Amino acid sequence: QGSTRRTHSKHPPKALLWARVAALLCTCTAFSAAAHGGSLPSHVITDWCIFCWAFGFAFTLLVLLAEAFGFQARVPVSWNNFPITVASYSAHLCLAASILFPLTFLRGQTNNMSSEVKGHRVASTVFSCLATLAYVLEVSLTKARPGEVAGYMATAPGLLKVCQTTVACVIFIYVSSPVTYDSHPALEWCMAVYCICFILSMAVVLMCVGGCTGYLPVPLPKFLSVYALLAVAMYLTATILWPVFQFSKANRNRNRNSRTDLIVVAVLTAVNFLLYLADLAYSARLVFVSVI
C-alpha cells in the first residue's frame, strides 16, 4: 500500500519529550495545589479532578521512564497504542477538570474564601489548562498521518473512543449525584445505554492497548463497524428520551441546580451521539492508515 512505518526510537523527539515533561509538571502542580492548599470540601467533583490530574501524572511518568530506559518491549502492552491512549485520555480528563473545577470551587465563592485558598484554586485551574494544552500537543505529534502504519488508537476512530468514554464518565458523575435516572423506565434505559456503550468502547480501548484484538471471533474492522452502528442507534434513543422524560410536567418541581445537571446530561448525550456517528463513518472504512 506504499505505507511508511513509524518507528519508536529509544529516545522520543525533543518536541514530544518536552510536551510530556510539561504535562508531568503541570499535572503535579495542579493536584498538589488543590490537595494541600485548596481547602476543598468532600465532593464528587473534588475526587474527580484529583483523579484526572493524578492519572495524567502517573501514566505520563510511566511513559517517560519507559522511553528513557528503553523498556517498551518489556511492557506487556502495545506500544503503538499505549502512549497516545494515555495522552488522549489525559487531555480529555484535564480538560474536564479545567472546566468543572473552577465552576464548582471558584464561581460565586471568591468573596467567601481567603486569598491563600483562592490562590491555590486559581493555580490548580491554570496548571490544569496548561496540562491540557501539553497533552493536546502530544496527541497532535503522535497521531496517525496519511500513509503511515500506526496503532488503532492513533487513528481518528481510536481517538473518538477516548472521547466517547470520557464524555460517558462525566455523564455518570451528573446522573449519580444525586441519582436522576430512577423515576421512569425510559430514563433507566438511558442509563443502560450509557453503561453498555461505555463498557464496550472501553473494552475496545483495552484490547487495542493490550494487543488482544486477535482474539475477537470476527475481524476488528467488522466488529467496530457493527458496534458503532449499534451505539448510534442506542444513543439516538437516549438523546430523545432523556430530555422528553426529564423535563416533563411530572418533573418540573426539581430545584434549579438539579435541572442544570439534567441539561448538562442532555447536552453530553447529544455530544456522544455525534461522536458515535462520526465513529461509524470512520470505522466503515479505515483507508487512510494501515492499522496494527
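Cβ atoms here come from the backbone N, Cα and C positions, even for glycine.
Whatever TrEMBL says is automated annotation, not expert-curated.
What TrEMBL annotates here:
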type: DOMAIN; residues: 11-147; note: domain 'MARVEL'
type: DOMAIN; residues: 152-288; note: domain 'MARVEL'
type: TRANSMEM; residues: 15-36; note: transmembrane segment
type: TRANSMEM; residues: 48-66; note: transmembrane segment
type: TRANSMEM; residues: 86-106; note: transmembrane segment
type: TRANSMEM; residues: 118-137; note: transmembrane segment
type: TRANSMEM; residues: 149-175; note: transmembrane segment
type: TRANSMEM; residues: 187-218; note: transmembrane segment
type: TRANSMEM; residues: 224-242; note: transmembrane segment
type: TRANSMEM; residues: 262-282; note: transmembrane segment
Mean of the pLDDT scores, which run from 0 to 100, over the domain 'MARVEL' (152-288): 87
Tertiary contacts of the transmembrane segment (48-66), as residues 6+ beyond its ends and Cβ separation under 8 Å: 17, 20-21, 23-24, 27-28, 30-31, 34-35, 72, 75, 79, 82-83, 86-87, 89-90, 93-94, 96-97, 100-101, 124, 128, 131, 135, 173
The transmembrane segment (15-36) versus listed stretches 118-137, 187-218, 262-282: most Cβ pairs under 8 Å: 118-137
Outside the transmembrane segment (262-282), six or more residues from its ends: residues with CB under 8 Å to it: 155-157, 160-161, 163-164, 167-168, 170-171, 174-175, 180, 190, 194, 197, 225, 228-229, 231-232, 235-236, 238-239, 242-243, 246-247, 254
Residues of the domain 'MARVEL' (152-288) by DSSP state, where helix covers H, G and I: 111 helix, 1 strand, 25 coil
Segment proximity, the transmembrane segment (149-175) to the transmembrane segment (86-106), 3 or more C-beta pairs under 8 Å: yes
Number of helical, extended and coil residues in the domain 'MARVEL' (11-147), per DSSP: 108 helix, 0 strand, 29 coil
